[in-house]
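Have a look at this one.
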């Protein structure tokens, strides 16, 4: 897989004359471009006009993003001659609910959005997931454009077509695979993000290196500060991440096979999020993934699959980039080994009670390990949770 | 189109040794079989076991159908070794709501239905649409089996993957294109249907002849009574209808092209349903379609597209089969020409205010007429509504 994904990544990253990078997600008639560059938000109107001449547009966003970026988005669309309505939602994970998706769908119908029109998701992962799901089910599908405004959304959630809301039974349990028609990632809008949000997004960047691109992980070790600071390293990191995800999604759109590799760190991470009751003051998703990736490598090392030095290297880099790498670093802790095991068993990807992990034979050599014996998991957790970050 | 559709119909109808007919809906990796025959309900468990060995099953049904057929469905599944949960909903169109789809999805999650499990839609069009939509969005898609228990559902709504619910803005405005894994049409369960329900379903049967199979319409004129009585004519009519719809769906799954032909009679029909406030005591969907088809042919005749004798023939056959063919036959009437025009303009298929009709050059020679001048529609309606059924 390493070769194929790296080749796809290399091939996909074509810088155009404006310094913009374009990644093509190859999904036959559902193919689309991810455009990455500074200042792209001001080109939103032109991009939508090329996609759907004469279309009406509904922007779905949250109060915070609307305050900072809403006017610019509307100005660009209006200047390109589009009629624009804006649907503004409360910020935060609680917005990914039945109530809000219903409200958004009815608002889109009230705005007379038709099949040929365009829904713009302007925001982070919550807005992208919710707006994408609403676009998927209004009139059985209207086109939508992702304008991700967080690093996490630019490198992960805006790419690949997973849309949805949360259920009382768990996160993202209601939704659809529904691909956008375009992703416009303006890397300049990340300049004003709080550093904790940048870090959380960065965990997913490093993940692509750990999955199957050891040379990209090495690049990350050298260049992570530039990603935070907004040098050219940021566009390179976003583009490489998108290309890696696009290659996986193109091979396995609905996660029947190796799309599951993208869940590296997520079996542990989701359990930690569940145990902290999705309280973002204690743990955000990217932090859970960082701890989970460090754990996945320590677990792999314990099973004799990879060198302990590789697990150390993973933890060292994530810690250097400001991310937690051990459950003990979560304010308030996460409880007992039994509680972690129980939280893992509730994962959406659990099938007939069997636990699936993404493990690794080294940096960039991850693989899917199905039906992990529960005793092995327990033994690892007991040893790991008795220890500490070690970095 | 006549030749292609007829060929597909002929090819698809292969009687197996049990007298069962099987129609294949060809949609690449989303292809599936429609099995048609008397008594198939008792083979539900075996069919599901072949589709998904070891799967758990959730039946979604309504109170009426559950009372008559629920136990048989459960017995068949249980005997085949499946764990079964039943989710029972109130009967009627009002069940196709946000509230109910939310309840059904949460109930499926509570029943621990996973990706590899099976949702069975046991009921008419309301249950099929709602259960299919719930299956489409729970865990971003679990497989589902349609067991249609009304003639309308067997010949129309269970085939083709349109699922969804109603919005305060209109019918079926929220939903997904989501194909079942199998359709099991037990024609014996129609024996106990009220004749008005059989008639309503029969309107859609005759429609396939009118669209592009003149020889099937001639067959209908000779054999409609057998469809009602439950002779072999019923299986032939259901199989021919499914084959016709399957051929159209295979060519145009998401209705970007000639799938719209299936809307013959529906532009008028939907407007009449809207004007009678979906009050089934006054007008059910199939009756609206029957009136709409008769109107579409009268409109075509008025425009000089088809012979007046063809329009007469359509109305005569539908009337013989017990269906209304003129708005004046609706108890309480439907209001003025302006009100009908206004109701048409609210149709889901309206694009930028332009009215689309399915018109005909003769029996079995229908075509899509986009951007019909509103004045022509008004002139036709004024003349038509001033008249009467004429049969």
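Cβ atoms are placed via backbone N, Cα and C, with glycine included.
In TrEMBL, annotation is done automatically, which means it is predicted and not curated.
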Check TrEMBL: it lists A:204, A:266 as binding Zn(2+). Then name which of A:169, A:285 it lists for that same site.
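TrEMBL names A:285 for this Zn(2+) site.
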Measuring CB to CB from residue A:266 (Zn(2+) binding site), give everything in the same chain under 8 Å that is also at least six residues away in sequence.
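Sequence-distant Cβ neighbours: A:289, A:292, A:358.
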Please state how far apart, in Å and to a whole number, the two most distant Cα atoms are among A:125, A:126, A:127, A:128, A:129, A:149, A:150, A:162, A:171, the recorded NAD(+)-binding residues.
21
Count the Cβ atoms, other than its own, that fall within 10 Å of the Cβ of residue A:127 (NAD(+) binding site), considering every protein chain shown.
31
How many other Cβ atoms are found within 10 Å of the Cβ atom of residue A:125 (NAD(+) binding site), counting all protein chains shown?
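For residue A:125 (NAD(+) binding site), the count of other Cβ atoms within 10 Å is 22.
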Roughly how many angstrom lie between the C-alpha atoms of residue A:285 (Zn(2+) binding site) and residue A:171 (NAD(+) binding site)?
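So the alpha carbons of residue A:285 (Zn(2+) binding site) and residue A:171 (NAD(+) binding site) sit roughly 11 Å from each other.
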Taking every protein chain shown into account, which of the binding-site residues A:171, A:285 has the largest tally of Cβ atoms within 10 Å of its Cβ?
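When each Cβ's neighbours within 10 Å are tallied, A:285 tops the list.
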Which residues, sitting 6 or more apart from residue A:129 (NAD(+) binding site) on the same chain, put a CB under 8 Å from its CB?
A:96, A:157, A:162, A:163, A:164, A:165, A:172, A:175
Calculate the distance in Å between the alpha carbons (Cα) of residue A:171 (NAD(+) binding site) and residue A:204 (Zn(2+) binding site), and round it to a whole number.
18
